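Engineer: Please see the structure below; I have some questions.
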Amino acid sequence: MSDLDYYQVLGVSRTASQEEIKRAYRKLVLKYHPDHNPGDKNAEQKIKNINEAYDILKDEKKRSAYDQLGHQAFKNSGGGNYQQHHGFTGGIDPNDIFENIFGDFMGARRSSKTAFSKKAGANLKYDISLTLEEAFYGVTKIISFKTALTCDACAGKGSLDNNSTSSCPTCRGSGVTRSQQGFFFFENTCQTCRGAGHVIKNPCTKCYGEGRYINTRNLEVKIPAGVKEGSRIKLTGEGEAGSRGGKTGDLYVCITLIPHNTFSVDGNDLHCQLDINCTTAALGGEVEVADITGSKLKLKIPAGTQNNHKLKLSGKGMQILHSDRCGNMIVHVNIKVPKSLTKSQRELMIKLDKELNEASEEGFLSKVRNFWASGSE
């Protein structure tokens, strides 16, 4: 291990955040990457120093030990040189810059053994919120998202010429390198070619040999009538672009419904609340209700309707997906009792209450008489 000042190597302060350290590392790796500096021994040494510094500073425990003890914290841990083999070492991959840009876009890391081969793009997920009316009628939305797009400069090949690859100079085509730490020997995936055994000879200057680059994409999405909460629409070939001609992934648009002021959804049925007064509940009648389209509908209230009774309007619910049919509209009746009465209303209610109680008592006495009459026979 060298006696470098790791903070100076990365060009950051000792109080730098992990994000600042990572950003500085990415910038330096791009600048001194061997693809951009072929045969430059100075650039090769700088990359080694950059990787060594990043390996320590990206790890909070190693960084803390370094801050307290400097290089002495690591000199007794392995008994050997920190780096003794060719190429990029110390467990840090200079191609991590591409991992961070592309591989982590959907949380999927790229395999080191296919780093310089065709690789399919990741499937993407996009969450979209719709009003209930939009879900009922269907709607076209323009969505905007960042993703990996096929590089137009190299047509996705990653190379500026047809003879795109050559044998890796670091591992000589084997895909592995060997290192020694103390008495132990280790065989590692070559970090120049990432195990492929070959490298891009003349990489594209726009995508750095990746065959794709990050940019914002605008896409028109047609959402059919009748989608529900949690519905998922698959758009084949609209996901992340593959690397170096790999297959493009798919895009999944996931639906969330914004709560409605009037209706709630249960399957294909729409539920709503209706307040009626106690006289309408007792006598029955006809009221107007509005459906999801705003149309006024006549609803009959049967005489003697009880609180929380449900009334159904057939075919007035949600549009059924990929169909010309609709679910039902379920109306929940809430009987409202007046909080205050006029003198005449109060007198009428007292009279009604008396008559109802008398009818109830008469019915009870009639049942008793019938019981004794049947028992005496």
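Backbone N, Cα and C define each Cβ position, glycine as well.
So Swiss-Prot lists the following for this protein:
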- Cys151, Cys154, Cys204, Cys207: Zn(2+) 1 binding site (BINDING)
- Cys168, Cys171, Cys190, Cys193: Zn(2+) 2 binding site (BINDING)
- 5-70: domain 'J' (DOMAIN)
- 151-158: repeat 'CXXCXGXG motif' (REPEAT)
- 168-175: repeat 'CXXCXGXG motif' (REPEAT)
- 190-197: repeat 'CXXCXGXG motif' (REPEAT)
- 204-211: repeat 'CXXCXGXG motif' (REPEAT)
- 138-216: zinc finger (ZN_FING)
Engineer: Just checking, which of Cys154, Cys193 (binding-site residues) has the fewest C-beta atoms within 10 Å of its C-beta?
Structural biologist: Cys154
Engineer: Return only the integer: C-alpha distance in Å from Cys193 (Zn(2+) 2 binding site) to Cys154 (Zn(2+) 1 binding site).
Structural biologist: 20
Engineer: For Zn(2+) 1, what surrounds Cys151, Cys154, Cys204, Cys207 with a Cβ no more than 8 Å from their Cβ centroid?
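Structural biologist: Everything else in range on the chain: Asp152, Ala153, Ala155, Gly156, Lys157, Gly158, Ser159, Leu160, Pro203, Thr205, Lys206, Tyr208, Gly209, Glu210, Gly211, Arg212, Tyr213.
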Engineer: Please identify the stretch among 168-175, 190-197, 204-211 with the greatest number of Cβ pairs below 8 Å relative to the repeat 'CXXCXGXG motif' (151-158).
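Structural biologist: When the Cβ pairs under 8 Å are tallied, 204-211 comes out ahead.
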Engineer: Neighbour count, 10 Å Cβ-Cβ cut-off, for Cys204 (Zn(2+) 1 binding site): what number do you get?
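Structural biologist: Summing over all protein chains shown, Cys204 (Zn(2+) 1 binding site) has 23 other Cβ atoms within 10 Å.
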Engineer: When the repeat 'CXXCXGXG motif' (168-175) is classified with DSSP, how many of its residues are helical, how many are strand and how many are coil?
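Structural biologist: Here the numbers are 0 helix, 0 strand, 8 coil.
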Engineer: Please report the Cα separation of Cys168 (Zn(2+) 2 binding site) and Cys207 (Zn(2+) 1 binding site) in Å, rounded to an integer.
Structural biologist: 20
Engineer: If you measure Cys154 (Zn(2+) 1 binding site) to Cys190 (Zn(2+) 2 binding site) at Cα, how many Å is it?
Structural biologist: 26
Engineer: Rounded to the nearest Å, what's the C-alpha distance separating Cys151 (Zn(2+) 1 binding site) and Cys171 (Zn(2+) 2 binding site)? Just drop the number here, would you?
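Structural biologist: Cα to Cα, Cys151 (Zn(2+) 1 binding site) and Cys171 (Zn(2+) 2 binding site) are separated by 28 Å.
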Engineer: Quick one: pull the CA-CA distance for Cys171 (Zn(2+) 2 binding site) versus Cys204 (Zn(2+) 1 binding site), whole Å only.
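Structural biologist: The separation of the Cα atoms works out to 23 Å.
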Engineer: Within 10 Å of the Cβ of Cys171 (Zn(2+) 2 binding site), how many other Cβ atoms can you find? Include all protein chains, please.
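Structural biologist: That number is 25.
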Engineer: Please work out the mean pLDDT for the residues of the repeat 'CXXCXGXG motif' (151-158).
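Structural biologist: Taking every residue of the repeat 'CXXCXGXG motif' (151-158) together, the mean pLDDT is 88.
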